[in-house]
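What follows is one structure encoded as structure tokens, with my remarks underneath.
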């Protein structure tokens, strides 16, 4: 149970692919102009990670070490092609919006990295959980960045959600403030870099505060009964 918890915590927070490893920055910065685009690519990446980790882990005993990387790439490319066709069939608007970044998941360092570092060494169930956790960690980072950029740039949230979730999702669109022209700095790549930098700083501050609290709690437990840390 502790190993399962550790895999989840590592994927979502401690070893977050976007905020700690800084992998997959090209789609992270390019696609997150809206919350819908960010969520769509994040979920597609999560599905690819989960399925490829599961497949590679299942076949790990029959995969020759000398040619494992080409085999991994073939498996990843097959899964990405299937996911791309699903998005094309059921979310064509999102497919057009994401464009080349869907097939580029094949070359995403996150996917290949987890295949080599985790799936090739662990069992199928734990590998699938690792892929799902890593994918959801990246999705959360993309969604937060996309939401911030969309709110600051257009004053809206979930604009175009119907492209991802269907026509009913039009009701999810929220206009936070009205603007006649978008704030281009937030919508263009410089805004993505600034937003990512602020998110990295925020995660660092949260980690430092949590580390300080753990140190204080450990110090209090180490004191004899009835004593305090104050002089």
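In case you wondered, yes, glycine gets a Cβ from its N, Cα and C as well.
Note that the coordinates shown come from a computational prediction; the quantities given were computed from them, not determined experimentally.
Swiss-Prot has this to say about the protein:
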type: TRANSMEM; residues: 18-38; note: transmembrane segment
type: TRANSMEM; residues: 39-59; note: transmembrane segment
type: TRANSMEM; residues: 63-83; note: transmembrane segment
type: TRANSMEM; residues: 86-106; note: transmembrane segment
type: TRANSMEM; residues: 125-145; note: transmembrane segment
type: TRANSMEM; residues: 182-202; note: transmembrane segment
Distal contacts, the transmembrane segment (125-145) - CB-CB under 8 A, six or more residues away:
3-4, 7-8, 10-13, 15-19, 24, 28, 31-32, 35, 38-39, 41-43, 45-54, 56-57, 110, 114, 118-119, 192, 195-196, 199
Could you pull out which residues elsewhere in the chain have a CB under 8 Å from any CB of the transmembrane segment (86-106), counting only those six or more residues past its ends?
26-27, 30-31, 36-37, 40-41, 44-45, 48, 73, 76-77, 80, 160, 162-164
Intrachain neighbours beyond the transmembrane segment (63-83), with Cβ under 8 angstroms and 6 or more residues off its ends:
44, 47-48, 51-52, 55-56, 102-103, 105-106, 111-112, 115-116, 120
